Amino acid sequence: MEYAARRNQKGAFEGFYKLIMRRNSVYVTFIIAGAFFGERAVDYGVHKLWERNNVGKRYEDISVLGQRPVEE
């Protein structure tokens, strides 16, 4: 009984191992792709958070900066 329960718990890890970690080339590709897409996701999230917290304080928000008054 105990062996069957233990074997069912390892199923997810065995599947992950067989899918990703069995061959070194697949494992390295998975790590590099994960790092690339993880960095992109963190960069996007931090950029959106920065923009949301600094609305009205950014260069793009100042409409008259660098413009000369029009003389009529």
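Any Cβ shown, glycine's included, is placed from N, Cα and C.
The topological domain 'Mitochondrial matrix' feature in Swiss-Prot is assigned to 1-25; the stated evidence is similarity to another entry.
Summarising the annotation, Swiss-Prot assigns topological domain 'Mitochondrial intermembrane' to 43-72 and lists similarity to another entry as the type of evidence.
Long-range contacts of the transmembrane segment (26-42) within the same chain: residues 20, each at least 6 residues beyond the stretch ends and with a Cβ under 8 Å from a Cβ of the stretch. If you look up Swiss-Prot, you'll see 26-42 marked as transmembrane segment.
Computed over the topological domain 'Mitochondrial matrix' (1-25), the whole-number mean pLDDT of the model equals 74.
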